[in-house]
Amino acid sequence: MGHSVQTVIEFIRSYPDIAELIGIIGFMIYIGGFFSVQSGFMCGNGIAFPVVQVTAASFVLVSLTTAYNLPAFMIQTSYIAIGVFGIALRLRRVRSNRYRPADPARDARLRTQIRFDTDCHEPATLFRHTSDQSDSPKSHALCP
């Protein structure tokens, strides 16, 4: 595997303009994802946002093969690692709930966790504070 990775890196280095274009596309993915979350088109707590972040970071990382920059490398690898961790957590949560008895309310929540939703939370419940003992502490967080 090491030899094939080296071959890919050498190939990319032989076309620096293409590597730079890939980095610019990564930048546009970053900005598009951030804008989508800020404008409410995408939920920052769902699976779509970390997928977008990992994709963007991977594209920018490709561009660093021709113009290496240690701080940029550290940022991109951190985004990839944290994004993959977040994706794994979300998928594990969905899979672990699959084998429980049917619960329509829980099933509806699970569907919204895995979808690429435009509606993250209802504004009234985003920072809800309640004395209801049935709510877990996690229900007060921004996570679905």
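From the backbone N, Cα and C atoms, a Cβ is placed for every residue, glycine too.
Note that TrEMBL annotation is computational and uncurated.
Pulled from TrEMBL, these are the features on record:
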TRANSMEM  18-35  transmembrane segment
DOMAIN    20-92  domain 'CBU-0592-like'
TRANSMEM  47-67  transmembrane segment
TRANSMEM  73-91  transmembrane segment
*Please give the sequence-distant neighbours of the transmembrane segment (73-91): residues at least 6 beyond its ends with Cβ less than 8 Å from one of its Cβ atoms.*
46-47, 50-51, 53-54, 56-58, 60-61, 64, 113-114
_Just to be sure I understand, if DSSP states are collapsed into helix, strand and coil, how many residues of the domain 'CBU-0592-like' (20-92) fall in each?_
58 helix, 0 strand, 15 coil
